[in-house]
Every structure is written in C-alpha cells, then in structure tokens.
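The block underneath contains the structure these notes are about, expressed in structure tokens.
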Ligand code: ADP
Ligand code: MG
C-alpha cells in the first residue's frame, strides 16, 4: 500500500479528524442498519487505544442546504455509543465556535461526532474556506469513507490539503487492497457480473472494462436493454431506451474482441411489478408483450455457473433480479451460492453496491465471498481504473 495508513501515524494526544461513511438508513429516529457504522469501528478503536482524540465527520442523505432534523447524525452518535460501550459526544454542527470548544475539551481516548457536513452547501462544492475550517479542528486527517471516495468534496478531499499528516483508515485500506487485486496482477479468467437497475450509471462501466475482463455475465434490469438491442420482445420490462445504441456498440465490440458476453437465455416474467404477481419461466424469445422480466431463469443460472466455475477473479455489481420480492430472488441467490462455492476453491470474489451487498447478506453469504465492498459507485470507478479523489488526496508513503 503506497498510501500512509493509520498504522504509520503517532496518534497519542493528537486531534484526529476522521471522515467516516455514516450514511445509514434512519427510521423513526433510530439507526435501521448499522453495517457502515460497524465497518468503521476498527479505525475508531485504534484511535481510542492509541490515546488520540477522535473527531468523526460524515454526511447523511441529501439535505437541501441548512439544518434538517431528518438528516441529523444524532441517532448515529447514540448508536455508536452502544457499539463502543462508551459515551460518544455529539456536536450540533461541524464547524464554528461551539464545535471548536467541544474539540478543545476532548480528552485522550474520547470520541466526538460532528453534525452532518452536508448541512453546509460548501461541503459538496469542495469550498476551500470550509475545508480549511474543518482542517483547523485537528492535527491529523484520516479518510475511512470508501463509499464517498469517488467524490471530491470538502470532507473527503479538500480538507486533506490543509493538514500535514493524512492517512487512510482500516476500512479504506481493506477496500483498496481487495479491489487492487481485481485490477492489477489479477488471476484470470476475470469475470464481471453486472445487473441491477441503474443501467445508465453502469453501462459505461461495461465499455470501460471490456479490455480487462474475459467474460461478462449480464442479468437484472441491465440485461433487458441488451435483449432489446438484440431485437427481443421485452414487454414492459425496465429498459433504458436511450442506451440501446450503446448496448449495440458494446455487443459488437465484445464480439470483435472475443470477450464472452452472456445474456439471459431464459427468465422469470411477471404480469405486474409485485411479489404476488403471476409468474412464469420462459425462454427469452417468449416474453409476453404485457409482462415484465423480473429475474433470470434456471438455464441462465446454469450457463453463468459454467463460466464462474473456471473463473479466478469475479466482480459482481447489481442483483440478477428483483430480489426484494421472494418470488424473484432466486436468480440472485443462486449466483450468490455459486460465488460462495468458487471462493472456497480459491477464486477472489468481490461484491459491490448497496443493493448487491444487501442481497448477499440476505442470502446469508456475506462472509463466504472474499470481499463485500461498502461502495457501489466507488468500487466501480476503482475497477475501471479511475483514481478516486478521496484516496488521491492522502499522502503517499
Ligand atoms: P447496487 O445497489 O448493488 O449498485 P442497483 O442499485 O443498480 O444495484 O440495482 C438494484 C436494484 O435493481 C434492486 O432494487 C433490484 O430490485 C433491481 N432489479 C434487478 N433486476 C431487475 C429487473 N429485472 N427489473 C427491475 N428491477 C430490477
Ligand atoms: Mg442501489
């Protein structure tokens, strides 16, 4: 690892400003899923153990400028107290005199969580003065927010310019280590499984990965746009019409470059978008005009499985179907099982994306793959070979 890590720093007595990703779902004033908070614990515990003063900052949701109790990090401070088994202080803002006073009163081994950085529009503008103000609270800056590292904001990028000592935290380190394996010195065959619903965000990724991977397995909503591009009837399935041309280009390019490109050969179709919809397994050329594709079929799982059997590196982003509905979760869960099997046999398997991560834990297999990335957009940009601004901002060793 070329970047300075938290292990390289002397933290005792220092004010350590840590960008964490506490962008968690809040329901009736309580943290509904604390995965991201738990992922940040090793870094926080390290600072406490070394006698540093931990000042944590994060964004939560997309508030429209200014304070909004809906997006307050206060419930997170309470939850973090429980997880750490100690009191966590909470600042009503992330900059200003009151916050400075709270920081100055912090003792060694104590933890202070600052209020949502996005209550200041300057955060997303990466405003220089705002970044400087954040930096002025601390001696050291640690970035442990992998999920936000693809964004150049004040708390993820700008702030690093104003502190001499910068480092990445353990979560960031873990993410980069696993994802680096997938981009450099990776063992082939390298297979990318792509699905999900954010077709326009991700279809470009396929193009950018085409010279790197040996095979693409396309399922989920992503597959429908390709099926339509090939002239199949897809009925009322989720399709991004304005990406059909790009899909055609990709299909041609894959053929020309002899990259294996598998689309579903059968699928589960439904008469409406609901778990209690009527459903049927049909070949892809038998989709009924008024129905929609909500999952990949068993023959597709089998064919994808044959490619995955021999793969040495596998990257998966985007569920194979609407896994939130029990009747359409099978394709996703079957692929998750195959990934768990090939991981046992030594393949490196990486699952990225919020919904993909939640699907793999729903399948009970989150611990059976090599790595579940906390970052969706960040992991994909990394795999494309792009430099993440939040990582670039940290000094090299
Ligand atoms: P991630 O969060 O892992 O990056 P996305 O957000 O792109 O993945 O996509 C996840 C969503 O895609 C899920 O909510 C799932 O229901 C949906 N999805 C998967 N397959 C289909 C499909 N065939 N039609 C409609 N939605 C789908
Ligand atoms: Mg998602």
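One is the number of the first residue shown, and numbering goes on along the chain from there.
Using the three backbone atoms N, Cα and C, a Cβ is placed for every residue, glycine included.
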TrEMBL ATP site partner of 202, 353, 354, 355, 356, selected from 175, 233, 324: 324
TrEMBL substrate site partner of 21, 22, 23, 36, 59, 60, 61, 62, 118, selected from 151, 161, 303, 395: 151
Entries of 21, 151, 324, 354, 355, 356 (binding-site residues) sitting next to ligand 2, with Cβ under 6 Å as the cut-off: 354, 355
Integer Å distance between the CA atoms belonging to residue 354 (ATP binding site) and residue 21 (substrate binding site): 13
Annotated binding-site residues 21, 59, 151, 354, filtered by Cβ under 6 Å to ligand 1: 354
For residue 118 (substrate binding site), the three-state class that DSSP assigns: helix
Inter-residue Cα distance where the pair is residue 59 (substrate binding site) and residue 202 (ATP binding site), in Å: 24
Shell of the (2R)-3-phosphoglycerate site beyond 36, 118, 151, same chain only (C-beta within 8 angstroms of their C-beta centre): 21, 23, 58, 59, 60, 145, 147, 148, 153, 156
Which of 23, 356, the listed binding-site residues, has fewest other Cβ atoms within 10 Å: 23
